[in-house]
Amino acid sequence: MGYPGQRPVIPPQSHRDDRETLVSEHKHKGKTCRQSAAVFNVVNSIIGSGIIGLPYSMKQAGFPLGILLLFWVSYVTDFSLILLIKGAALSGTDTYQSLVNRTFGFPGYLLLSVLQFLYPFIAMISYNIITGDTLSKVFQRIPGVDPENLLIGRHLIIVLSTVVFTLPLSLYRDIAKLGKISLISTVLTTLILGIVVARGVSLGPHIPKTEDAWIFAKPNAVQAVGVMSFAFICHHNCFLVYGSLEEPTVAKWSHIIHVSTLISVFISILFATCGYLTFTGYTQGDLFENYCRNDDLVTFGRFCYGVTVILTYPIECFVTREVIANVFFGGNLSSVCHIIVTVVIITVATLVSLLIDCLGIVLELNGVLCAAPLIFIIPSACYLKLSEEPRTHSDKIMSCVMLPIGAVVMAVGFVMAVTSPQDCSHGQEMFYCSPDNFSLTNISISHFQLTTQLSILNVSIFQ
């Protein structure tokens, strides 16, 4: 793992333009990764558990407004990720925490440390929830397996996946080693996207649309921004990825972020659109909860997504561990402490995830309480205080816009999430999966076969 001593120190830029190249003052002792690996790490961090809730955010905001908000959140994410590195250049720091400490002192440092720990920690909890929900349904489709068997229950699956997969992967000390794993995760996400699109075409026409399906805007738009922020945020680990680059520069980082954001927004828009258009007002926080259990194609998608979040989990654990290392151990962990801290973090996250089974509220609260300040407020505040650019500079204007919007999203979103919680139908089959609904009883068959059967049924009725 790239702890502060293993990353390049970003030199102060007080006498240089903040767009200039950042050059390391000493040889980078940690392992480095190529730009392509960095892109996959960033995309994998963005396209984590949050993407599964994007169709749900369309339901909350209203589909037309939801699409516009998703583009806006992606632009703000791109801008603020680059802004953070510019702020680091101005302050001569090499971590998010040291940047805020240099800018706002110890109180700011503590606040950021709490947020930077809570966001990935809650993300780890959501990953466990998704793993338990998705893989339990996968195992239920195995011939001869009793769906009520405790050995395929979500709780045991969460524990086993943690012990066998996520814990060993999280024990790595160097994030660059996860580049190939992130590539695998990105490929699996593409397969999942294809399945959601295919089911949008074959399944969507047979599910009744809700009355408010096409309303432009809905009252829960602020909560929707929270879910989108949860999906797009990767600010908590951007310094880890930046520090793993060979000869990191602002220009190189900007290119990586632009490419990563474009890939992520394309996948996100397509996923959100197809998912929402299929189920409209019935869309759940976990999109896979909407599909019928006897759909074998979606079962394969559940398996792919379960693997994806398992592979994404270690990146979030890296960040939580680094926060603890910086706050309590001066930025360096011995081998023994490294193992102990990792095991404690993962154990607590696992225990919490065993007690919670509704993903929607987790995405909302993490989005408005942690993601919003990390994306909108803190990068803008740091840059505004550090930069000596004129007030009319584009970066300063955008920062002035982002800061108050982030505060509104954080405050209003939290109040609405607590006072107006959304329904959660966890573990229940949706009404359209009933055997009485002929068009969906054999969902795993092709769209052509489904259409043919419906036509035959209509003919027999008229006869």
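Yeah, the Cβs are placed from backbone N, Cα and C, and that goes for glycine too.
These figures come from a predicted structure and were not determined experimentally.
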Selected residue, Swiss-Prot feature N-linked glycosylation site, from candidates N101, N458: N458
Selected stretch (most C-beta pairs under 8 A with the transmembrane segment (150-170)) from 38-58, 178-198, 336-356: 336-356
Stretch of maximal Cβ-Cβ contact with the transmembrane segment (178-198) [cut-off: under 8 Å; candidates 38-58, 225-245, 256-276]: 38-58
Recorded stretches the transmembrane segment (298-320) and the transmembrane segment (358-378) touching, at least 3 CB pairs under 8 Å: no
Outside the transmembrane segment (225-245), six or more residues from its ends: residues with CB under 8 Å to it: 1-2, 6-8, 28, 30-33, 35, 37-38, 41-42, 45-48, 50-51, 53-54, 56-57, 60-61, 69-70, 73-74, 77, 80-81, 84-85, 88, 94-96, 116, 119-120, 123, 174-176, 252-253, 256, 264, 268, 315-316, 318-319, 322, 363-368, 371-372, 374-376, 379, 409, 413, 417
Selected stretch (most C-beta pairs under 8 A with the transmembrane segment (65-85)) from 105-125, 256-276, 336-356, 358-378, 397-417: 256-276
